[in-house]
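The domain 'G-protein coupled receptors family 1 profile' feature in TrEMBL is assigned to 26-289. Among the features that TrEMBL reports, transmembrane segment is placed at 42-61, 88-110, 131-151, 178-200, 231-256, 268-292.
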Amino acid sequence: MTSLWLIGNSAFKLLESLVWMLAIMASTYSVRCFIRASLLHFNLKLILINFSIGLVLYGASRLGMNVDSVLQSFGVGPANLACRNALIAPKVLTAITMLMGFSCVLLITVERTVATFVPRKYEQMNKAEPGVVVFIAVWITSIFVAMAITFTSNGESPQCDRAVPSDSAFIIHSHTELLLAIFILGTSGSAINGALLYFLHTHNKKRRNKIAPGQLNVRYQYTENIMTTRFLVALTIVVFVVGFTGTIIILSYLIVRNTDLLPDEDLIFIEQCFHCVAAFYGVLHNVVCLGMHRPNRDQLLRDFSWCFRRTTKVEKSGNPQVKSVEGQYLSFKNETTVYFSYLSQQWNSTPSLA
């Protein structure tokens, strides 16, 4: 039975590595698309870019751990994972990016709340310094917390027997209860964030319908908020589903370990299931970012037209179209064209007084 667990663990580890390679490439491309997206507010763009960068770093750290595991199986370096200094950087990076991911989910809701209730002032706020300062503080805090967690786990086992093999170097092995608490809080926060974003989505629709057609800038801001919150709701649903699945896996790991249902060497299979779920989240995150955000989707079709059959229209059209909330087609070349095209449609739809 132990050999079956080991075979399953090796297969899942290979699957995880392949999925993370795809997720890293997709996240890098998403960063490029978000940088070029002119219709996103700078603060939201900054959050989504940092979210994708965090996924790239997490995936790179997991690939590094898997490579080190292969080297360990060939007898390179000490058998005890606690003695392998090369794993310190991946362990710290993993903890940093997990904290960064949960912070980004929270900041998304805060940013969209401000954009909904003070659209005029928020749209005119062009200063980038506040958002940059916030993310510098988040990164610094995440780094210090991750280093404290990593070096605390190393300090709990000062005796390093290089000949004794250990089961895992991941945080789920050394701080299972802490990781479970983080995931419970993160999953609960994702559920609350999803509900708030859905409320903001419906609230933007109601407020937009009350704005006079002549207030084009405000109406356009609400239209942009509606499209953005719809995309963010889908992103938050993915976070919640993956977080809930991860919570169940961590809880199962804790129960199995405390009740001795499986030997310690077989617990690594449950841990590997957790890593596979995280890898698939990296792919799903980019599917939502590139599929549900219209500018990113159009950019994807233009860049990879040779992969799709119906992308010649996107390439030939110098002025791609996007559908408004009312079902009308607006020019999506730049913000100025959107404003005046929509204004022209409002004028044409207004009955003549003569």
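Just so you know, glycine gets a Cβ as well, placed from its N, Cα and C.
With a cut-off of 8 Å on Cβ pairs spaced 6 or more residues apart, the transmembrane segment (88-110) and the transmembrane segment (231-256) reach 3 or more such pairs and are scored as touching.
Confidence annotation: the domain 'G-protein coupled receptors family 1 profile' (26-289) carries a mean pLDDT of 81 in the model.
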